[in-house]
Amino acid sequence: MTQDEMKKAAGWAALQYVEEGSIVGVGTGSTVNHFIDALGTMKDKIKGAVSSSIASTEKLEALEIKVFECNDVFKLDIYVDGADEINGSRDMIKGGGAALTREKIVAAISDKFICIVDGTKAVDVLGKFPLPVEVIPMARSYVARELVKLGGDPVYREGCTTDNGNVILDVYGMAIENPKQLEDIINGIAGVVTVGLFAHRGADVVITGTPEGAKIEE
């Protein structure tokens, strides 16, 4: 089974958590794209979706799934999204697709976060994948200096502007032993919009695509 087939297995397995008549939180990325395809088979049974990115919104609308504004929804039953890394405590690094802030907002209004990944994303310690930080453009250099003080090696993601009009610093070289603490510290730096650590709001369910099919951990 290829990596993409494992992503597809995870994405389609998440469909069992979608209830009829609900509004579904939808993340961003290659694994989520498979979930959106699956969701398209239920489009007449759900009210619609809240999307974490312009890219996902376009894919949802192409399948004729109604997309609601986040501000118009009080809460969501589920949010389905991928991760760049996930540890045994279900803390995650997200933001490889630069949608981390909107992903964090949609996750915050959701009762259940369902993380869909292939087996390559599971790690013992977060940080091998560079940690994305969304930054107000005028603060880029200052934030980079502060991240160096924390032991990281921040690299400006060239040619990337987030859906919010900001920039991304990818922080290399961090072995993240205490994700919640680091999330608080980086979010406290002036000019940081958010860091791609999802530790305070980790995953509730993990669906991993494996060569044998989807493995579900609740």
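Every residue, even glycine, has its Cβ placed from backbone N, Cα and C.
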Residue among Lys121, Lys128, Lys149 sharing the substrate site, where Swiss-Prot lists Thr28, Gly29, Ser30, Thr31, Asp81, Gly82, Ala83, Asp84, Lys94, Gly95, Gly96, Gly97 as binders: Lys121
Extent of the substrate binding site in Å [max Cα distance among Thr28, Gly29, Ser30, Thr31, Asp81, Gly82, Ala83, Asp84, Lys94, Gly95, Gly96, Gly97, Lys121]: 15
Pairwise CA distance, Lys121 (substrate binding site) versus Glu103 (active site, proton acceptor), rounded so that it is a whole Å: 18
Shell list (substrate; ref centroid = CB of Thr28, Gly29, Ser30, Thr31, Asp81, Gly82, Ala83, Asp84, Lys94, Gly95, Gly96, Gly97, Lys121; cutoff 8 A): Gly27, Val32
Cα distance (Å, whole number) from Glu103 (active site, proton acceptor) to Lys94 (substrate binding site): 9
